[in-house]
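Only one structure is covered here, and it is reproduced in the block below.
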Amino acid sequence: MFLCKCTAFPLLVFSCCLLKDVNPEENTDVPAISKYFNTKGRYEEVNPYLIEDILAVNRSILQPPSAQCRQIHLTAIIRHGTRYPTSKNVKKMQKLYELVKNIAPGKESWLREIQTQWTMWYTEDMDGRLVQKGVNDHRHLAVRLSKLFPSLISEEKLRGGFIKFITSSKHRCVNSTLSFKAGLTELWAITDMEFDHAVNDALMRFFDQCTRFVQEVDKNPSALSEVDKFRQGPEMRRVTEKIADRLKVPYNMPNAAFYLCAYEFAIKAVNSPWCQLFDEDDAKVMDYASDLREFWTRGYGYDINRKSSCILFHDVFNRLNEAANESKAGQQVTQAVTVQVGHADTLLPLLTLLGFFKDSDALTSTNYATQAQRSFRTSHMLPYAANLLLVLYDCGEGDLRLQPLLNEKPVTFPGLTSQSASVPLYQDVKDHYRELLQGCDFETECQLFKSPA
């Protein structure tokens, strides 16, 4: 772990010095399939009201049980903002573009547009870097959270060192963190101070450091057997055949076309002609294929997926405990806000460990039809700038409450069903997760060969 100054990327921060609302007229041309873009989706598709006003908030989502409750701590675990495709996906997109440009014989207007007007502007050196939209994702999120939690995310708290920033070492995360800080410093016109952030991959990229996860899942081809079977199954075969028929060329790269549609919309807010290759039924299949992969590589598919996040789980609860103890002792909470910026691969294992979005049946290669109403949907859970917020309240006389929000929407801790489940007693939350709090040791769980119990 090491500390960085806000000036590490001056050009990036300078490029976004003015807050601008989204112009709705620039966002009317929305692909009909945009709600199926899974982890490549815009945050605005999860919260459509932001299309009209990117800084809009709804404070009624905060539901403390009484007016005397005061917010004493906020932990925000946030995915990086909108990014370019990785070099691996750029190669696939380039291959498809060359095929369509040079061989596809159709006369449709969208096909002519691809062949004569659209330019393959993605390059391998972009490799997952943050785009300007991603800069704005975090700047705007910072402003919205300051409006939701004005007593915690305030100029006084920032200047006083009560707001801490932690990030993954990946450039898109560091630059997202810088953008979040820039959103606050621009909001309050702070020019006389700089604010550190800590780079901590042990917390924000735990999946790289969990040996058992890396060997048994991440680098194990057989771990994706359900995904591979679905790719060869009837649903995906129909999508591939339909696209081949539309293009009038041999075709076996549905992901590349779907990525082109999704990235063009996420990055440039345009309804690309590539989107014309898919109807809604196709998009649902593509969405399920992505969810299936996430389920087996980061979600409920294997126990080590969720257990790899034990280190982050304990970090969060240790901080909540510290804030709770300081408040009960009548002391000022020393860490009012912690902003932790990572990846979809950071958030999903933690959400899974906490039990969110668990369906009664596992996602498999053969139950696409029966999973139409599934809870496990990465399009809803993990758009760019996705965030898990944990708000700790002190309601007096030792009454501490904890409210979870996902993407600025209230959620309920799975298994807590009392009348106050939306903002449960903090002690009830700890009791619910007692087994994990007492165990879930990262070093033990991540050993390649666990010792017998």
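The backbone N, Cα and C atoms fix where each Cβ goes, and this holds for glycine too.
Summarising the annotation, TrEMBL assigns disulfide bond to C69-C395 (among others). Counting only same-chain residues six or more apart in sequence, the Cβ atoms lying under 8 angstroms from the Cβ of C69 (disulfide bond) belong to Y393, D394, C395, G396, D399, R401.
According to TrEMBL, the feature disulfide bond maps to C261-C275 (among others). C261 (disulfide bond) has a Cβ environment of 26 other Cβ atoms inside 10 Å.
Summarising the annotation, TrEMBL assigns signal peptide to 1-24.
Taking a C-beta cut-off of under 8 angstroms and a sequence separation of 6 or more, C275 (disulfide bond) has the following same-chain neighbours: P31, A32, I33, C261, E264, F265. Around the Cβ of C395 (disulfide bond), a 10 Å sphere holds 17 further Cβ atoms from the protein chains shown.
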